[in-house]
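**Student:** For reference, TrEMBL lists these features for the protein:
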type	residues	note
BINDING	C66, C69, C165, C199	[4Fe-4S] cluster 1 binding site
BINDING	H237, C240, C265, C271	[4Fe-4S] cluster 2 binding site
BINDING	C280, C299, C302	[3Fe-4S] cluster binding site
DOMAIN	66-212	domain 'NADH:ubiquinone oxidoreductase-like 20kDa subunit'
DOMAIN	232-311	domain 'Cytochrome-c3 hydrogenase C-terminal'
TRANSMEM	326-346	transmembrane segment
Amino acid sequence: MPVRKTPDKTLGESLRDHGLSRRGFLKFCAATASMMALPPSMVPVIAAALEAARRPSVIWLSFQECTGCTESLTRSHAPTLEDLILNIISLDYHHTLQAAAGEAAEEARFQAMAANKGEYLVIVDGSIPGPDSNPGFSTVAGHSNYDILIETVEHAAAVIAVGTCAAFGGLPQANPNPTGARSVMDLVKDKPIINVSGCPPIPMAITGVLAHYLTFGRLPELDAYRRPLAFFGQSIHDRCYRRPFYDRGLFAESFDDEGAKLGWCLYRLGCKGPSTYNACATMKWNEGTSWPIESGHPCLGCSEPSFWDAGGFYEPLSVPITATSGAILAAGALGAVVGGAATLLAKKETKTVVAHRQPVTVEELEEKL
């Protein structure tokens, strides 16, 4: 059987062949360092490593999923999807993005596995009906998701579970879990696994993991849920620009009250930011344009295990989170005192806030109250 080996050119050579200048390459390395939360001093190290790195073969398996994770990846801008699949990795199999179909598509997977034995990466999105479930719940080319997963990861160097469905079971595993959905780490026990959770995950978190692997030849440091600490090391709450309003007891009580219009904390509207770890607040979405809380919607906690069954999306967490800057007064009492005075300020400042699309800050409140 003919096999297709990953191209022998290094990543640096491939990028130059496609017209990327040295200056452009260094800018890419700087963006990569920033994306992986590394200091500027690491840019030369990344540049040297990527210059010599070979493009890894990547096999992307899609199981019980909605294609949202792939949609997210197509929105990546550092690097772009084109740079990623044409210059940085060799994407040898992907249901949605590949041109091949049917037997030709499956042959591409087999060829990539044979030619890059022990070296290829497997990316999985979507949960998998377990071996004790009906295999007919989800099949590809007449084979169950479980059989395809086990067959493909056997000689893989590492496995990346992209999205909450692959990482933790996600929506398919939500009660009553009719398909017996399982996560990748539930089923694969003998391979390095990294979870890039989120529904969908931030695209730069996906590409950042790949860049780290290319640079250092290993997976990044992980948290207890096998997520990269560079992206999942802090809670949404601690990074949120609305955090000062929480510390002051200033909460939106409905989606159309004055507090909501002024950008106050969404904790009482069900925000799960205090118990959710992700980089949404700093990396944002759509080339850094916005993210759910900035758009006025509470965090749903989508990067956490079992978030679909964790209670109502618009029900507040049962235990308030203490401010890291020190003890604060009871949120309700403080909200009543400061909130009453702030309402007067809110009416006065509404035109300015709307015109500049910016919330009133705590510092402004302190100056004017």
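Quick reminder: no glycine exception, Cβ is built from N, Cα and C everywhere.
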**Student:** Could you check which of the binding-site residues (C69, C165, C199) sits closest to C265 ([4Fe-4S] cluster 2 binding site), going Cα to Cα?
**Tutor:** C199
**Student:** Tell me the Cβ neighbour count for C265 ([4Fe-4S] cluster 2 binding site), meaning other Cβ atoms within 10 Å of its Cβ, over all protein chains shown.
**Tutor:** 26
**Student:** Can you tell which of the binding-site residues (C66, C69, C271, C302) has the fewest other C-beta atoms within 10 angstroms of its C-beta?
**Tutor:** C66
**Student:** From the binding-site residues H237, C240, C271, C299, pick the residue whose C-alpha lies nearest to the C-alpha of C69 ([4Fe-4S] cluster 1 binding site).
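**Tutor:** Considering only the listed binding-site residues, the nearest one is C299.
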**Student:** Name, in the order they occur in the sequence, the residues of the same chain whose CB lies under 8 A from the CB of C240 ([4Fe-4S] cluster 2 binding site) and which sit 6 or more residues away.
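**Tutor:** Expected: Y246, G273, A281, I293.
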**Student:** Kindly assign C271 ([4Fe-4S] cluster 2 binding site) to one of the three DSSP-derived states: helix, strand or coil.
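**Tutor:** For C271 ([4Fe-4S] cluster 2 binding site) - judged by DSSP and reduced to three states - the answer is coil.
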**Student:** Is it possible to list how many residues within the domain 'NADH:ubiquinone oxidoreductase-like 20kDa subunit' (66-212) are helical, extended or coil according to DSSP?
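**Tutor:** Helix/strand/coil tally for the domain 'NADH:ubiquinone oxidoreductase-like 20kDa subunit' (66-212): 63 helix, 29 strand, 55 coil.
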**Student:** Other residues near the [4Fe-4S] cluster 1 site, CB within 8 A of the CB centroid of C66, C69, C165, C199?
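**Tutor:** For the [4Fe-4S] cluster 1 site the neighbour list reads E65, T67, G68, D125, G126, G163, T164, A166, G170, L171, P200.
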**Student:** Return the residues near C165 ([4Fe-4S] cluster 1 binding site) by Cβ distance under 8 Å, restricted to its own chain and a separation of at least 6 in sequence.
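**Tutor:** Listed in sequence order, they are F63, Q64, E65, D125, G126, S127, L171, P172, Q173, A181, S183, C199.
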**Student:** What is the total of other Cβ atoms whose distance to the Cβ of C280 ([3Fe-4S] cluster binding site) is within 10 Å?
**Tutor:** 24
**Student:** Where the distance is taken from Cα to Cα, which of the binding-site residues C66, H237, C271 turns out closest to C299 ([3Fe-4S] cluster binding site)?
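**Tutor:** It is C271, whose Cα lies nearest.
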